[in-house]
Amino acid sequence: MKNKILFSFSNPMNSNSSNNIENNNNSNNNNNNFKNNFKNFSRKRTNDIEIEDNITFSELLLQKEVLKGLEDGGYQRPSPIQLKAIPLGISGVDLIAQAKSGTGKTIVFGVIALECVLRESKLLRQKQELNKTQLTNQTNKQLLEMDDDTYVETMVGIIRKPLVLIIAPTREIAVQIKDVIKSISKYCKRIKCEVFIGGLNSNNNKDENNNNILNNEDVNRLNGTQIIVGTPGKIKSLIENLHLRTDTLKMVIMDEADKLLDASFSKTINWIYSAIGNGNSNKNNSSSGSGIQMLAFSATYPSYLINLLKLYMNNENLVEIRLCSDTPSLEGIKQYYQIFRNDFTENNYKTFQNKCKSLVLVLEQVSFYQAIIFCNHKIRGEELTRQLNREGWPTAFIAGGQNQKDRLSTMSALKSFNIRILVSTDLISRGIDVERVNLVINLDLPKDHETYFHRIGRTGRFGTYGVSITFINMKSIQQQQQQQQQQQQQIENENENENNNNNEGFQEIDFINQLIQEYSVDITERVDNDIIPEELYSYQLSNPNDQQSLANLKLKQQQTILLNKQLEELKINENENENQYQNEDEEEEQEEDDYHYENQHQNEDEEEEQEEDDYHYENQHQNEEEEQEQQEEDDDNYNYENDNDSEEYEFIDDSIIEQTEYYYLNSNNNNNNNKNKYGNTINNNHYRNSSFNGPKNSINNNKFKNKNINNNDQRNSQSNGIKKKVNTNNNNFYPHYYNNPYPQNYYYDYQYFSDNSYYNNNYNNNNNNNNNNNNNNNNNNNNNNNNNNNNNNNNNNNNNNNNNNNNYYQQHGNNPYGYNIPNSIQYSSNQFYYCTCPNCPTMNYHQYI
């Protein structure tokens, strides 16, 4: 048995020329140095890229320009997929190729594409030399009618039409394919390869049909391009806008074909395939309807997809190469899984934080070069990136929703060794080739097994070694038992689909079991602080510049960690100072609060005391007023009781007055306008204050009952009821008011004025109208119906009969009817008045007759 040949690494992206096309010509010296270093460099690689025979690329019948480009890129001997697929692809057959990630599939279809262009160019040159020997006037006329590209092809022998179309599922893969082809075609003269992807224009202009409008830069780059690389959406736009000719295509290559044929891309791929078939209808030499060679490459092919893919192929010339259909994982990858038990929570932020803590422990334990961490959610990826950067790890994040320029910049930083960790969604789970990545961590479990193999395939590239760790969630035993009961119940109800959706904990652990059973994967469980042997992932870096870059990144990380510690200490000191100041402020505030509290309570106490004092003061004054009122009442009673006259006094109750009023009102219902309480037709005031200075006969309907207050209705508060003084020895008290010719018998109707006269309601004045009203209201007195003069005569006669003091009337006036009563009268009752004038010698009650 022949010795196995160890192959060189297939990573043209390591050179400085891989990042930018413009730098390719300036990096020839670096490539030559790298080539010389590589000749003396050898390292152990895995068996899945080894072949038994000692075969080189020169034995694969390749053009010398391609061979020279492969040699400069470090490719001396082919891998198994390269050895089998390149010769078949060059021969022109349709090809379905399956190989493990990182075994050199990009080199396979890159070489096949270059060979196709070189072959067509060679045929064109032969045809051009033949045309030169047969030039005629007719051919000269045809040359004038040719377009620019056809004229150049005919006269110079250079193809300026698209020959190869390469479709990739993501923009990052498309850019990488273009870089690989550029690196191995630098010795191929007049071959142009361009990549067309979306997201680079600052203004995403669209037409009325919501289709992308190509800018002039894309159109200019299409001129003279033989190999076109792009994403499905961009390729469709080029064809729709009639910028990409499909009638000249000779070959269509689908990288990551299983991804291109899933639901997200299948509609666009079918549209492109139909457009290519219509453009080549005149070359119908295959069952597929076109003369185009179809090639498909991927690391994984589901069983149903193979039959679907054959519909795009020429079945007569179809060849399948499936080198890893049973075990798609690479031999150089050591696979681990770590369980996170959700005893109380389920896929929440707490579980995410626990995973982040375990992740940091892994990064500290494993001496990795570069690492890729996959997340299922963009938000989690962004949060993880922030945490790792705070820990000092040079980390970047990439996802589909980002700006395309930022995505390209992030990939450039990863490939140029400017970062150590890249956090990503499934955007870069396929096709991305970075040799220095020797650690892959699945923070979240992928959705299917194919994605799992593509994720871990980012390490262990082309026979190198690496480690993959997958974090899975597992529910507690109690939750498992509950789910088992639910599962049995759902099976009885034939709801297996709902059971699969609700049983996330079992899905993740079953995912690992299926990897072991169906794909024979060697995967080991681990826990925190488990040591991962260095020989499982460590290897010597091929490029000396990588060693220096790694050392710089580690130094930067240490500086960042030191800076973070200093910032934390500074922050702690600031927090202590702030806490100290805060405590002092709180103490001051507390003192102020206590001070205000004491003042407030003191003020409240003072207010309460003031209220009590006011209350006592009011009560004291109220008592004094009551005592004063009581004293006045007692004085009044004393005056009544000590009267020197022999007449008897009594108080007539209000009921007597009310009875009298009732009797009067019932007999005078027709004359009740402007009547007082006792039926008197008046508009005057009851003035009982001798000091009232008003006009005679003034009327305001006010009752002045206190001798010391003007213009107020105040009856003395000490008097109880209306006092009536009756002379029992005199028959002057009549049973009815209008039977009394002397109205002074009713005290309540007295009117006192300040002009030495009094006025009675029933004898108002000498006005005839008032006399008539009084005569009409008196039902019992028929003699008073004439006029006021007759009433006055009667009063004079009655008064003369009872006159016992003629001297008094001579002193105060000769009017016996009270019209000239002096101003000094203070109080009167019935037939008596009390005089306080200095001319009165008795100063006592005097009978008024």
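In case you wondered, yes, glycine gets a Cβ from its N, Cα and C as well.
Straight from Swiss-Prot, the features:
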type	residues	note
BINDING	Arg77, Gln82, Ala99, Lys100, Ser101, Gly102, Thr103, Gly104, Lys105, Thr106, Ile107	ATP binding site
COMPBIAS	583-595	compositional bias 'Acidic residues'
COMPBIAS	604-615	compositional bias 'Acidic residues'
COMPBIAS	624-644	compositional bias 'Acidic residues'
COMPBIAS	667-687	compositional bias 'Low complexity'
COMPBIAS	696-720	compositional bias 'Low complexity'
DOMAIN	86-319	domain 'Helicase ATP-binding'
DOMAIN	355-499	domain 'Helicase C-terminal'
REGION	9-39	region 'Disordered'
REGION	480-504	region 'Disordered'
REGION	572-644	region 'Disordered'
REGION	667-737	region 'Disordered'
REGION	761-817	region 'Disordered'
MOTIF	55-83	motif 'Q motif'
MOTIF	255-258	motif 'DEAD box'
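In the three-state DSSP scheme, Lys105 (ATP binding site) is classed as helix. When the domain 'Helicase C-terminal' (355-499) is classified with DSSP, helix, strand and coil residues number 70 helix, 29 strand, 46 coil.
Along the motif 'DEAD box' (255-258), the predicted structure has mean pLDDT 94.
The C-beta environment of Lys105 (ATP binding site), restricted to residues of the same chain at least 6 apart in sequence and closer than 8 Å, consists of Ile81, Ala85, Ala97, Ala99, Asp255, Phe297, Ala299. According to DSSP, Ala99 (ATP binding site) is assigned to coil rather than to any helix or strand.
Sequence-distant contacts (6 or more apart, same chain, Cβ under 8 Å) of Ser101 (ATP binding site) comprise Ala299, Pro328, Leu330, Phe453, His454, Gly457, Arg458, Arg461. Just so you know, of the binding-site residues Arg77, Ala99, Ile107, the Cβ with the fewest other Cβ atoms around it within 10 Å is the one at Arg77. Counting residues of the motif 'DEAD box' (255-258) by DSSP class, helix then strand then coil, yields 2 helix, 1 strand, 1 coil. Taking Cβ-Cβ distances under 8 Å and a sequence separation of 6 or more, the neighbours of Thr103 (ATP binding site) in its chain are Asp48, Ile49, Ser79, Pro80, Ile81, Gln82, Leu323, Phe462. Secondary structure from DSSP puts Arg77 (ATP binding site) in coil.
Across the residues the record lists as binding ATP (Arg77, Gln82, Ala99, Lys100, Ser101, Gly102, Thr103, Gly104, Lys105, Thr106, Ile107), the two Cα atoms farthest apart are 18 Å from each other.
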